[in-house]
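> Take this structure, written in structure tokens, and hold onto it; I'll ask about it next.
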Amino acid sequence: MTTSTGKINLLGLTQPEMEQFFDSIGEKRFRAGQVMKWIHHFGVSDFAAMTNVGKVLREKLEAVAEIRPPEVVSEDISADGTRKWVIRVASGSCVETVYIPTDDRGTLCVSSQAGCALDCSFCSTGKQGFNSNLTAAEVIGQVWLANKSFGTVPAKVDRAITNVVMMGMGEPLLNFDNVIAAMKIMMDDLGYGISKRRVTLSTSGVVPMIDELAKHIDVSLALSLHAPNDELRNKLVPINKKYPLKVLLESCMGYMSTLGGKRVLTVEYTLLKDVNDQPEHAAQMIELLRDVPCKINLIPFNPFPHSGYERPSNNAIRRFQDLLHHGGFNVTTRTTRGDDIDAACGQLVGQVNDRTRRSERYIAVRQLSADVELPDSAASH
């Protein structure tokens, strides 16, 4: 992608795109691997630091290209070790990236959009509307910046980040091409070399793009379910009015079937007091998912101002988990992490600039979510 300087930002190029770039400037394709290693393995953003690249080529690159990550506005560290970065992107808006450490892994939660058009009623990101899609460089740049922050370069030595989840701000499948490109870089050995089983894309249910996904990439899939029936899900997750549960689950099953192997769908379910946390909801969920190979991740609601929802009691949370477990499901309840720095699930809000233009974009992308058409670049692969 060309930046405001008129130069190509190499940070967001996949390996084939990087090879094409070097072709276009009359250089050998093997240079793509050299430069990608400098960018992603060593966190270099200055061509002058690339010691195995000749001076003439470095000067040539300086003239036509750059390595420009998004800007870190702030970094907060929670008492539990969770980190949150506020990152400014080219649109002027800010997005948030969260790192969650546990005993055996370090998970980076990456944003795909500034704001979100899907307007899920319990999510603070949706309350701010939609501003812009992130570029591939801005998506993968969150991984690049986190590695730099931890000092884990080379990136594949004693890495802090073992897993990446596309569960930050935005609906990843409404930024299809850029998210796919970024995930390919995450998994490429010339990028971050993260296993495909450790890269997860979470969607609220953009069915045409789920159907398209397996043609482009093989990653783990998570579904933001949040309700066990269409009537309730229509209220909580409005895209359900376009793609109801039967169609949505068939699409998810189709994705897993196409890729083969022992695939398991991660089902995310935010528990809202007296809304979707009752025994009848658990019973409906057991019936809904009976034939779906899945694991269920319960997420107690993380309150934010004016949400209109409350977190269930610990007893209600345990009761719901026990009912699902007795129904034969592998169920975990997500421990709230980073809520003292507003980094918990559902709390990411960033900062969206230019509210009038944002509203226009919001309306446009809401229409897109209701009437999805594949982008030309997706259809041509």
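Glycine residues also receive a Cβ, built from the backbone N, Cα and C atoms like all the rest.
OK, Swiss-Prot features for this one:
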- Glu96: active site, proton acceptor (ACT_SITE)
- Cys116, Cys120, Cys123: [4Fe-4S] cluster binding site (BINDING)
- Gly170, Glu171, Ser202, Ser224, Leu225, His226, Asn302: S-adenosyl-L-methionine binding site (BINDING)
- Cys109-Cys345: disulfide bond (DISULFID)
- 102-342: domain 'Radical SAM core' (DOMAIN)
> If you measure from the C-alpha of Cys116 ([4Fe-4S] cluster binding site), which of the binding-site residues Gly170, Glu171, Ser202, His226 fall inside 10 Å?
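Within 10 Å of Cys116 ([4Fe-4S] cluster binding site): Gly170, Glu171.
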> Could you find out if DSSP has Glu96 (active site, proton acceptor) as helix, strand or coil?
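Going by the DSSP assignment, Glu96 (active site, proton acceptor) falls within a strand, counted as strand.
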> In whole Å, how far is Cys120 ([4Fe-4S] cluster binding site) from Gly170 (S-adenosyl-L-methionine binding site) when you measure between their Cα atoms?
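A Cα-Cα distance of 11 Å.
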> May I ask which of the recorded positions Glu96, Cys109, Cys123 is closest to Ser202 (S-adenosyl-L-methionine binding site) if we compare their C-alpha atoms?
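Closest by Cα distance to Ser202 (S-adenosyl-L-methionine binding site) among the recorded positions Glu96, Cys109, Cys123: Cys109.
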> Count the other Cβ atoms sitting within 10 Å of the Cβ of the residue listed as 'active site, proton acceptor', across every protein chain shown.
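For the residue listed as 'active site, proton acceptor', the 10 Å Cβ neighbour count is 26.
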> Over all shown protein chains, what is the count of other CB atoms within 10 A of the CB belonging to Gly170 (S-adenosyl-L-methionine binding site)?
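Result for Gly170 (S-adenosyl-L-methionine binding site): 30 other Cβ atoms within 10 Å.
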> Might you list, by sequence position, any residue in that chain lying six or more from Ser224 (S-adenosyl-L-methionine binding site) with a Cβ less than 8 Å away from its Cβ?
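For Ser224 (S-adenosyl-L-methionine binding site), the qualifying residues are Cys120, Ser202, Thr203, Ser204, Gly205, Val237, Glu268.
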> Under a three-state reading of DSSP, tell me whether Cys123 ([4Fe-4S] cluster binding site) is helix, strand or coil.
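The residue in question, Cys123 ([4Fe-4S] cluster binding site), is coil (DSSP, three-state).
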> Work through the recorded positions one by one (Cys109, Glu171, His226) and name whichever has its CA nearest to the CA of Glu96 (active site, proton acceptor).
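For Glu96 (active site, proton acceptor), the spatially nearest of the recorded positions is Cys109.
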> Ranked by the number of other Cβ atoms within 10 Å of their own Cβ, which of the binding-site residues Ser202, Asn302 ranks first?
Asn302
> Validating a neighbour-count step here. Other CB atoms within 10 A of the CB of Glu171 (S-adenosyl-L-methionine binding site): how many?
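There are 27 of them.
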> Between Cys123 ([4Fe-4S] cluster binding site) and Cys109 (disulfide bond), how many Å separate their Cα atoms?
16
